[in-house]
Amino acid sequence: MAAHGRAGRGADAEGDVGGHVGRRQEGLTGLSGADTICALSSAPGPAGVAVIRLSGPACDAVCRGLARDLPEPRRAALRTLRDRDGAAIDRGLVLRFPGPGSFTGEDVLELHVHGGRAIVEDLLAALGGFEGLRMAEPGEFTRRAFVNGRMDLTEAEGVADLIAAETTAQRRAALDQAGGALSGLYDGWRTRLLRHLAHLEAWLDFPDEELPDDVMAGVLEDVAALAGEIVAHLADARRGERLRRGLQVAIVGPPNAGKSTLLNILAERDVAIVSETPGTTRDVLEVHLDLGGWPVTLIDTAGLRETEDAVEREGVRRAAERMAAADVVLALHPADGAAGFSMPSHETAAVLIEAVSKADRLAPDAGADGRLRLSAATGQGLPELLERLTGLAAELMASGGGAAPTRARHRAGLADCRSALERAVEGGPGRPPELIAEDLRLAMRALGRITGAVDVEDLLDVIFRDFCIGK
Ligand SMILES: Nc1nc2c(ncn2[C@@H]2O[C@H](COP(=O)(O)OP(=O)(O)OP(=O)(O)O)[C@@H](O)[C@H]2O)c(=O)[nH]1
Ligand SMILES: [K+]
Ligand SMILES: [Mg+2]
């Protein structure tokens with residue numbers, strides 16, 4: 001079937017919306033084919049083990065050349081790997097995964113060797129001597145898996161997220177997405193639309209027959225229901241995206257409020273410069289925390305004040321920018337600071353936590369106006385703060401059940417689909433069926449762009465660029 005946009009109408013051309021596995025997306029990239037790619041797929045050593053991975057038609061020739069043998073598929077075989085002159089490079093495990101039942105859909109070869117730098121370097125040098133072999137681009141293994149129909153785009157993105165996952169909640173969501181949670185949902189919706197479209201097309205092929213009103217009404221009823229499901233799914237979108245990038249918590253306040261000190265304490269390391277000079281922090285600093293499995297990014301910012309210093313002013317501008325984009329704003333009011341610092345008003349949907357910092361300087365009988373009392377000096381209030389943040393993280397990132405979209409491009413595709421469905425329904429059953437069919441086709445196309453079933457060549461570079469080399 002064609003992977004590209006198609007001009008002709010007819011449900012059949014959309015074909016095969018169900019399983020994408022095993023479907024080759026012909027002519028999509030020109031990447032698949034002649035070249036065999038190789039890369040160090042484990043992190044650079046020294047390490048106990050390094051894995052070098054190859055994909056492409058030259059795998060068997062390389063295996064014979066290096067190991068002087070072609071071991072049984074999918075069985076680890078211990079072999080001495082030799083360079084062209086027969087000198088041993090290392091002993092290691094050789095694993096063959098013949099295509100198409102491999103990760104990429106092509107012949108794949110894995111070499112598990114000792115993770116020493118010289119071993120990896122000499123092995124890659126030896127690989128360079130084989131015909132048709134070259135180093136892989138970032139994400140090229142996964143891109144080939146997509147092009148060869150082994151996974152769809154959302155699953156490929158799930159693989160990237162899995163590698164990037166820093167916390168348990170991120171890992172779980174990524175594993176679900178890599179396992180097809182989103183593609184199952186979107187393919188299901190596409191199939192549902194395809195069925196309606198096929199129905200309409202069948203009538204359109206016989207222009208002499210009238211399409212009974214109740215048939216069209218039934219179609220439109222389900223299309224409206226689907227639009228509702230997409231609205232509900234979109235309502236969850238921010239959670240998925242938030243979970244991917246971590247809850248953004250901006251620490252703000254006047255100079256010397258103790259923002260950087262608090263960041264260092266929560267990070268348990270010396271990330272930011274602390275001093276008694278007001279205006280110390282100018283750049284935005286970030287640390288990643290794992291709070292009960294939830295990813296939280298703490299952001300230290302420049303103290304908010306009017307200033308003549310151009311560099312500090314830029315720092316204040318950046319602080320305001322991050323504050324506006326944050327999920328949570330932690331505003332520090334220092335106990336020893338000028339009374340009456342008030343948060344600059346800004347447009348943000350962020351949750352605001354107001355706290356008195358340097359609470360150890362507070363007179364024993366002083367009130368805190370219901371604000372959280374924090375002291376980096378005594379540790380007062382820190383457990384409560386962490387508990388608040390963990391609770392907010394769970395509240396703002398836990399999915400309301402089922403998989404949530406994790407990228408802006410998912411959201412955009414879903415919004416396009418939804419508009420097309422709403423257009424289809426709007427005119428009622430009396431509208432010409434050709435026009436309704438066209439709206440359904442556009443809706444399917446919008447879903448297809450998310451999963452990569454149609455018309456996505458322009459997206460691929462952007463999506464796979466974010467992968468590391470060797471994946
Ligand atoms: N007593 C007391 N002093 C603190 C506390 N936290 C920070 N300080 C002191 O307050 C001063 C300013 O701390 P910083 O962490 O640099 O404050 P900041 O808000 O990052 O300041 P700028 O980056 O200049 O805006 C330093 O001398 C800290 O040692 C605290 O909880 N109690
Ligand atoms: K300071
Ligand atoms: Mg600071």
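Including glycine, each Cβ sits where the backbone N, Cα and C put it.
Because TrEMBL annotations are produced automatically, they should be read as predictions rather than curated entries.
Positions annotated as (6S)-5-formyl-5,6,7,8-tetrahydrofolate binding site by TrEMBL: Arg53, Glu110, Arg150, Lys471. According to TrEMBL, the feature GTP binding site maps to 256-261, 275-281, 300-303. Marked as Mg(2+) binding site by TrEMBL: Ser260, Thr281. Sequence annotations record features per position, and here TrEMBL assigns domain 'TrmE-type G' to 246-394. Per TrEMBL, region 'Disordered' is recorded for 1-27.
If you draw a 10 Å sphere around the CB of Lys259 (GTP binding site), it holds 33 other CB atoms from the protein chains shown. Between Ala302 (GTP binding site) and Arg150 ((6S)-5-formyl-5,6,7,8-tetrahydrofolate binding site), the C-alpha separation comes to 48 Å.
Closeness to ligand 2 is met by Asn256, these being the binding-site residues among Arg53, Glu110, Asn256, Thr281, Ala302 whose Cβ falls under 6 Å from the molecule. Of all residue pairs in Arg53, Glu110, Arg150, Lys471, the annotated binders of (6S)-5-formyl-5,6,7,8-tetrahydrofolate, the farthest apart have Cα atoms separated by 18 Å.
Comparing Lys471 ((6S)-5-formyl-5,6,7,8-tetrahydrofolate binding site) with Ser260 (Mg(2+) binding site), their Cα atoms are 37 Å apart once rounded. Lys471 ((6S)-5-formyl-5,6,7,8-tetrahydrofolate binding site) carries neither a helix nor a strand DSSP state and counts as coil. Contact annotation for binding-site residues (Arg53, Glu110, Arg150, Lys471) versus ligand 1: none, no CB falling under 6 Å from a ligand atom. If you take the Cα of Lys259 (GTP binding site) and the Cα of Arg53 ((6S)-5-formyl-5,6,7,8-tetrahydrofolate binding site), they are about 46 angstrom apart, rounded to a whole number. Nearest by CA distance to Ser275 (GTP binding site), out of the binding-site residues Arg53, Glu110, Arg150, Ser260, is Ser260. Residues Lys259, Ser260, Thr281, taken from the binding-site residues Arg150, Lys259, Ser260, Ser275, Pro278, Thr281, are distinguished by a CB atom under 6 angstroms from ligand 3. Comparing the Cα of Asn256 (GTP binding site) with the Cα of every entry in Arg53, Glu110, Arg150, these being the binding-site residues, the smallest distance points to Arg53. Calculated from their C-alpha atoms, the gap between Thr281 (GTP binding site) and Ser260 (Mg(2+) binding site) amounts to 8 Å.
There are 15 other CB atoms within 10 A of the CB of Pro278 (GTP binding site), with all protein chains counted.
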